[in-house]
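Copied from TrEMBL, the annotated features are:
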TRANSMEM  A:21-45  transmembrane segment
TRANSMEM  A:57-76  transmembrane segment
TRANSMEM  A:110-132  transmembrane segment
TRANSMEM  A:138-162  transmembrane segment
TRANSMEM  A:169-189  transmembrane segment
TRANSMEM  A:224-244  transmembrane segment
Amino acid sequence: MLKLFLAEVKRSWIQFIRYPAEAIGGIFIISALFYGLFLGATYVAGPSIKLGDRLDSIIVGYMLWTLVTFVLFDIAGTLQNEAQTGTLEQLFISPFGAPRVFLTRAIANLMIQFILITTILLIIMSLTGRWLSFPPTLILPLIAVILGAYGLSFAIGSLALLLKRIQQLLGIFQFALLFLLTVPTETWTGSSKVLGLLLPMTTGAGLLRDVMARQQPLNLPQLGLAWLNGGIYFGLGLTLFRFAERETKRRGRLGGY
Amino acid sequence: MQVLEVQHLQKTYRSSRKHLTTAVRDVSFAIAQQEVLAFLGPNGAGKTTTIKMIAGLILPDRGEVKINGLNPHREAQALRSLGAVLEGNRNLYWRLTPIENLEYFGVLRGLSQKVARQRGRDLLERFELSHKRRAPVQTLSRGMQQKLAIAVALIHEPQLLLLDEPTLGLDVEATQTVKRLIREIASEGRAILLTTHQLDIAEELSDRVAIINQGAIVAEESTEELIRRFSGSAYVVELEQEIDRDRVSKIQNLGAIVNEKTILIRETEILYEVLHILQPLPLIRVEKEQANLTEVFLQLIQNQSESPC
């Protein structure tokens, strides 16, 4: 698996940098967005307003939003791109099996995106002299959120396999994602709290808000539930993808996007 | 030893709620090591569905595929023995260079990066692509891309190679090179399933032919035997100059047909008598009337569509 992961990282990176103008354009857009976030609040409220830790949570929140969106649509996007480039069938005749190939590729793509954004953020921070604080405990609920996001990504990929053209649906998924990442389930009580635990990614997202915006220590039982939630959605997504793969092969519609 | 065994494959698609289309009714064949099987059929006969069922890309309704004794639909190990160049697909990453493609697909097929790189270099050299190893694939000619696609399919040294229209859209020189490579690959001990609409290429390259029509195999035997079966028993004799009247009359009395410089002999027992009469006129050729694969193919397809189902 490791050798496949490294090969995917290399392939994705080469594809990204092969045409420098395109790569620079992509980096410029990400840099402009984050730089705008740094400057935006100052422009709106004036330099006398002290944002304090609020800016940290805005930027980290936006970074997470970008990464989770990236994960969510990665598998469906890969399926459609590979069908267009005429390499989709080659991925499906790998002895690793399609789910493993797509997961490895999604993780490799996320890693490149993560390194890119982190590097850009570090450069912006050094330029502006404004250093954000990233509590290291952030990584734990983040894993739960990302795990759930991969589960949903496999589910969306399954839809892409079965229905082929799902561009219109992707817009709806973005709204659903916005809801899942912002709904404050950590403040819900009673039966709503149970529902909050069942929704994908929300428990982990709530923990991220606790750690970043409210500067609260990490709630370990809640973290366990967030991981369980992420694990279950990941398993469900994979199962759905395996079913969709078999169903698509039964229908004989693997290519043809 | 049989590398590929296909037994009673069947596939039906649901094209609408009430309408079912049978793409493959009953397809069985086998390919041994060092053998090239030309899998021929008109458009819509079920070739692509059969190939994709062999590659594990379409699930058959019934029947079984075995590659080196393993079922690709149940045992992923079977795919280690399979390489495929599928028609209508590029089969390559256009932004990557040839060596990068070979390395990536090598790992995807289960090799270590080191082995994939070494084999990639060897294949580039053998396929005469070393000078282009650092050029993005999209800058290569169609012939070079096709050679590379075959090289990529061979990176993990599979026992079975599926080649779907490997010479489609290639110029004469590139076609010759691809033909040479196919012969070489088969001689190394691999089994090759070749589909093509260029029947002269199929005739030249294949050891055996399987012809599919309306989802069923209508002929499957050695290429040589099939052509012999469809060839007539007549002989054609061609001379350098027109034959004089005296000889023409003698030959016609024997029952042969004379047309200027050519003689058609339907009864083979009179061949040597005719040759004796012609002595010492200079001959250009004496040839048994031979069918070619195109004629055989057309005849079989036509017979089948005329016969009631």
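Even glycines carry a Cβ here, placed using N, Cα and C.
Note: TrEMBL annotation is automatic and uncurated.
Among residues of the same chain six or more beyond the transmembrane segment (A:138-162), those with a C-beta under 8 A of the stretch's C-beta atoms are 60, 64, 67-68, 71-76, 78-80, 99, 102-103, 106, 110, 169-170, 173, 181, 200-201, 203-205, 207-208, 211-212, 218, 223, 226-227, 229-238, 240-241, 243-245, 247-248, 254. By the count of Cβ pairs under 8 Å, the stretch nearest in packing to the transmembrane segment (A:169-189) among A:57-76, A:110-132, A:224-244 is A:57-76.
Same-chain residues lying 6+ beyond the ends of the transmembrane segment (A:57-76) with a Cβ under 8 Å from its Cβ atoms: 33-34, 37-38, 41, 102, 105-106, 109-110, 113-114, 117, 121, 132, 134, 138, 142, 145-146, 149-150, 152-154, 156-157, 159-160, 166, 170, 173-174, 177, 181, 201, 208-209, 212-213, 241.
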